[in-house]
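Below is one structure; the comments refer to it alone.
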Amino acid sequence: MNTTDTIVAQATPPGRGGVGILRVSGPKAAQVAEVVLGKLPKPRYADYLPFRDVDGQILDQGIAIYFPGPNSFTGEDVLELQGHGGPVILDLLLKRILTLSGVRIANPGEFSERAFLNDKLDLAQAEAIADLIDASSEQAARSAMNSLQGAFSTQVHQMVEALTHLRIYVEAAIDFPDEEIDFLSDGKIEAKLDEVIVELERVRSQARQGSLLREGMKVVIAGRPNAGKSSLLNALAGREAAIVTDIAGTTRDVLREHIHIDGMPLHIIDTAGLREASDEVERIGIERAWQEIEQADRVLFMVDSTTTNAVEPVEIWPEFMARLPKSLPITVVRNKTDMTDEETSIAEVSGYSLIRLSARSGEGIDLLRDHLKETMGFSSNTEGGFLARRRHLQALNTAAEHLQQGHEQLVVARSGELLAEELRLAQQALSEITGEFTSDDLLGRIFSSFCIGK
């Protein structure tokens, strides 16, 4: 990426709208203002001005705001042109700006990337911008804003700072081995290390909640034909998302619904009934069902309670259980309690959760919702929380592993050198979250997923 270029892009969504915004950032932002507006607006004041073409004809009239660097979003000179949101008008204005030498269309996320490179925000905050735009619930939006304001980054910086001081202490013990006090055995280093480990575990717990808010949980409903899978999908979705009939095999393909349970995104997938296929279409549907099952976070094993009294999954359908990945969590759902003597309930059977409900009447659905929240460790009370991505969780987990290994080196091996190395690696892992230690390749992948105008 050439950061000496001046970049321009539409900051509002494509299509028609009341207002359309073009954003310019770079050393020629002031020149763009001079040629398009005929003047350089007073910094940080809104000016209502005509936007002119190369020949001086007025293309549009609107608001122009000039932010000289470094006091701007990107840290560079920034010009925003807010005109009417017609695609033709905005395209003409964009072409006019691009006639200037040294001005080009921005790459996806390049405005945010320049803000990061100019220390206007760290990497976790930059990612929070995209997460705020993509938020699918009020809770996710609030958590993304907390991240943007530094709720996550501040905690990471504090842990990095604590590790820095700890490393200084440890390396002093290594450099001055003849001191009267044995730094490695007097308990001070271990106490400080334990404090960081406890704090890291607290942040990891928050990050897991933030990851659930951002990415949600993939739940696949699977079972034999006519077990009530589509009825359960409709009950969870709160609408008639799937066709329901008494004919076995009504669902031939994968159906997806995205809902929220107290703020937790849930990706529910209804699948074709699993049996020996009667035709090619059904065979393909069953193959797709198994593909979804193998990629699920949890499987709801639907059982028609009018056909069996069994509650053990292996007893209900041994072939199904044999094919499931061993590490895949399942919940057995005995459906159609409205047609049997069973009461709606939840219990544990041989290590599996068993829920009795009626998808048709809705009895027991709240039990299932609470169960899904509990199994994912989701708490709806996340005030002050932040959003987290998979890479954040991976970095936190890596840091935790190095701190545990460092603790062993301190307590068991009494090796200052090995402890110092584990602390360094933990610090490096945490620094990857905020971008203090990050490869160019990772930066490219992160910012390329952003909107063009961000």
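Cβ coordinates come from backbone N, Cα and C, glycine included.
Neighbour density for Lys120 ((6S)-5-formyl-5,6,7,8-tetrahydrofolate binding site): within 10 A of its CB lie 19 other CB atoms from the protein chains shown. The DSSP secondary structure for Lys120 ((6S)-5-formyl-5,6,7,8-tetrahydrofolate binding site) is coil. Annotated (6S)-5-formyl-5,6,7,8-tetrahydrofolate binding site per Swiss-Prot: Arg23, Glu80, Lys120, Lys454, in sequence order.
Residues annotated as domain 'TrmE-type G' in Swiss-Prot: 216-377. In the predicted structure, the domain 'TrmE-type G' (216-377) carries a mean pLDDT of 85.
Under the heading GTP binding site, Swiss-Prot lists 226-231, 245-251, 270-273, 358-360, citing sequence analysis as support. According to its DSSP assignment, Lys229 (GTP binding site) is helical.
The K(+) binding site annotation in Swiss-Prot covers Asn226, Thr245, Ile247, Thr250. Other C-beta atoms found within 10 angstroms of the C-beta of Asn226 (GTP binding site) number 22, with every protein chain shown included.
Taken from Swiss-Prot, the feature Mg(2+) binding site applies to Ser230, Thr251, supported by sequence analysis.
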Just checking, which of Glu80, Ala272, Ala359 (binding-site residues) has the fewest C-beta atoms within 10 Å of its C-beta?
Glu80
Relative to the Cα of Ser230 (Mg(2+) binding site), which of the binding-site residues Arg23, Glu80, Lys120 have a Cα no more than 10 Å away?
none
Least Cβ-crowded entry, counting other Cβ within 10 Å, from the binding-site residues listed as Arg23, Lys229
Arg23
